[in-house]
Amino acid sequence: MFKDIFKKNKKKKYVTVKNMTDTEVPEGIMAKCPKCQKIMYTKELQENLNVCFNCDHHMAMNAYDRIDALMDKGTFKELDKHVEPVNPLNFPNYEEKIEKDRAKTEIDEAVVTGWGTINGYKTGIAVMDSRFRMGSMGTVVGEKITRAIEYATKQQMPFIIFTASGGARMQEGILSLMQMAKVSVALNRHRETGLLYIAFMTHPTTGGVSASFASVGDINLAEPESLIGFAGRRIIEQTINEKLPDDFQTAEFLLDHGQLDKVVHRKEMKEVLTTILKLHQRGEN
């Protein structure tokens, strides 16, 4: 009898069964739109230029993907690919952060520069990549862009910069801030020879980048809904003690207030730039 009681109260053993409703998705296979939360196949999204199929939101696009989508196949020649940043101020853990971003993005800095053709029209180009230190502008970013502009000036080519940046890189202090002036001087020399500079702002374009070469194009373009501005929204509201419009610092707001020439959908990027380059070439003739 007592044996029977102990048998009944014997602790039951359970087997953990995997919850089959939790679908495992290998990393890199799927992507979620940050605006509407729609989940899409990464490959299909890339084929659509990282534009959401559902809400048309323009997601971040890395530098090489943008170059591949824009430049004629096989024409892009990269400049200064392996110029690498140093730690001039001995900022703590800066080298480790650089190495981490390098491993994650497979690029050496936050900008890719070079030249090639867009529908047959030769042009110099710099494309910032926000995955690397949030696209911040340090000494190497400034140096690479400056060298590319100088090359375009020497070769008598127009120049295009795609900006995507959180501003100057704080780990490099005043050395990063001086890149604002250095790039602007190179652009001014480029302009003095009668050459065209197109600034193409993408999300986000803020801080020192927005206050220098991002906003001084002969033609200023931007992608839809891009955040463009110098100081943050909250800082401005606290300073002026007023609530700002909901669309403040968006590409559309800047267009309405005369600070942009056109807001360009990513799928129209190549067509619009081709038209501008074509008109510029005719003007030279």
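Note that Cβ sites are derived from N, Cα and C of the backbone, with glycine treated the same way.
Here's what Swiss-Prot has on this protein:
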BINDING   Cys33, Cys36, Cys52, Cys55  Zn(2+) binding site
DOMAIN    29-285  domain 'CoA carboxyltransferase N-terminal'
ZN_FING   33-55  zinc finger
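Within 10 Å of the C-beta of Cys33 (Zn(2+) binding site) we count 19 further C-beta atoms, all protein chains included. Cβ environment of Cys36 (Zn(2+) binding site): Cys52, Asn54, Cys55, His57 lie under 8 Å away, each six or more residues apart in the same chain. Fewest other C-beta atoms within 10 angstroms, among the binding-site residues Cys52, Cys55, are seen around Cys55. Listed in chain order, the residues near the Zn(2+) site other than Cys33, Cys36, Cys52, Cys55 are Pro34, Lys35, Gln37, Lys38, Phe53, Asn54, Asp56, His57, each with its Cβ within 8 Å of the site Cβ centroid.
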